[in-house]
Amino acid sequence: MSTTSVKGRYQWFITLGLFLFMAVNFADKAVIGLAAAPIMRDLKLSHSEFGRIAGSFFLLFSISGLIGGLIANRVKTRWMLIGMTVIWAVAQAPLLLMATPATLLVSRVILGAAEGPAYPVAMHSLYKWFHDKDRALPSTLLSMGGAFGTGVVAPVVIWIIVTYGWRSAFLAVTIASLVWAAFWLVTGKEGPLDNTSGGHHGGTDASASALPEQIPMIRLALLRTSLGCFAAGFSAYVILTIATIWLPSYLEQTVGYSPARVGTIVALPAMTQIVLTPLLGWLSQRLQSRGLSTRLSRGVLGAALVMSAGLSLVLVTRLDAGPMLMILVMWTFGVPSFAFVSSVMMISEITPPRQRGGMLGLNNCIMTLAGLVTPIVIGYIIDLSPVKADGYRTGLMLAGIFVTLGGLLSALLVQPAADRARLCKQDAGGVLSADMH
């Protein structure tokens, strides 16, 4: 049995483990949206109050994502992933004993702070096992964990809520977090392409070898490609936030579906992601291998999906219950997640491996700010409307227009090959070195 074959098999085992990590991560996020109606009823919360509590999850989420990414430049991702999942469990446990608005608020703030670095650190961990040219498929598989957590698990969570109460749903995700932490403690490893300080494995990512060893973060952040990734990621996260916070209550209170039916419909976008995301990853990698630029095979592809989701969301607000609404819900909330994958691949393409964790953290920080703003803005729009159904529709329609424009901006900005060539050329001329002193 060759070392190469063992590594080849184990890198896919690592991918599976990180897939499950993201599933738990997104289940933790989604449970409050799935339990929105009974939580508002039991705790006597208005829509805007619930929106503020739900949005508090993102109060420290964005900044912790940046800090966690920077820490991942220096600390083994194995321990960071285990530590995060333990904190997820600890943050939600108090709700089992004392469910009050204040307890829920504190729980969501702590949970958000601990979940902020999850996606960038998981991707950073994954990329220690795959070179740039091979990352599209494993990246999409990891991201599918989110679809599994929000969609496939959703009917189970709804059943728990209806049968045992919403507190039991929080108990279930608490247990899931602890189980994953124990699993990764036994099986988790760092990849051979680790090139963080300390050089645990001594390996390097050959795809990034032409870049300077270190580039000022501000220069990386202001590249056209980075700005385009931020725009696509922020816009896609608006869609994700609506899916986890407002979609269940919109379908129940505005469209008129039963809670059980809502659980089924909320699972549909996840089914779309599970089918389309690996196909899109394969397509992106295939197009790149055929000579298509990463601007088109990654950037424009992701941006186009974001734009289509924004337009589809506008149409969702104009439809009543029926098959067409379900189809549009599947598309709207199922396809823009590829922008998260395309963004991290392009950020990694223009970033030295030593700084990858930090730049992925910054990307995560900026895009997840949408999670802080979106619930609050839509909650206020709903409460200000004399007819709540009209408020829901207005809020989602405005969000759809915003998302469409964000996707268009991203498509116009991203130029990973040109930005990478410019960085290498400037380093050869001593420009970057001069900036760093």
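Using the three backbone atoms N, Cα and C, a Cβ is placed for every residue, glycine included.
A TrEMBL annotation is a machine prediction, not a hand-curated record.
According to TrEMBL:
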DOMAIN    14-418  domain 'Major facilitator superfamily (MFS) profile'
TRANSMEM  12-40  transmembrane segment
TRANSMEM  52-72  transmembrane segment
TRANSMEM  79-99  transmembrane segment
TRANSMEM  105-127  transmembrane segment
TRANSMEM  139-162  transmembrane segment
TRANSMEM  168-186  transmembrane segment
TRANSMEM  227-248  transmembrane segment
TRANSMEM  260-284  transmembrane segment
TRANSMEM  296-319  transmembrane segment
TRANSMEM  325-348  transmembrane segment
TRANSMEM  360-382  transmembrane segment
TRANSMEM  394-414  transmembrane segment
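Of the Cβ pairs linking the transmembrane segment (260-284) with the transmembrane segment (325-348) and spaced 6 or more residues apart, 3 or more are under 8 Å, so the two regions touch. Sequence-distant neighbours of the transmembrane segment (139-162) (same chain, 6+ residues past either end, Cβ-Cβ under 8 Å): 15, 18-31, 34-35, 38, 122-123, 126, 168-169, 172-173, 243-244, 259-260, 262-264, 266-274, 277-278, 280-282, 334, 337-338, 340-341, 344-345.
For the transmembrane segment (360-382), the most Cβ-contacting stretch among 52-72, 79-99, 227-248, 296-319, 325-348 is 52-72 (pairs under 8 Å). A contact between the transmembrane segment (394-414) and the transmembrane segment (227-248) is present, since 3 or more of their C-beta pairs, 6 or more residues apart, lie under 8 Å. A contact between the transmembrane segment (105-127) and the transmembrane segment (12-40) is present, since 3 or more of their C-beta pairs, 6 or more residues apart, lie under 8 Å. Contact check: the transmembrane segment (79-99) against the transmembrane segment (12-40) gives at least three Cβ pairs closer than 8 Å, residues 6 or more apart, which meets the contact criterion. Across the domain 'Major facilitator superfamily (MFS) profile' (14-418), mean pLDDT in this model comes to 87.
Tertiary neighbourhood of the transmembrane segment (227-248): same-chain residues 26, 29-30, 32-34, 36-37, 51, 54-55, 150, 262, 266, 269, 299, 302-303, 306, 309-310, 313, 329, 332-333, 336-337, 339-340, 342-343, 346-347, 363-364, 366-371, 374-375, 378, 392, 395-396, 399, 402-403, 405-407, 409-415, selected by CB-CB distance under 8 Å and a gap of 6+ residues from either end.
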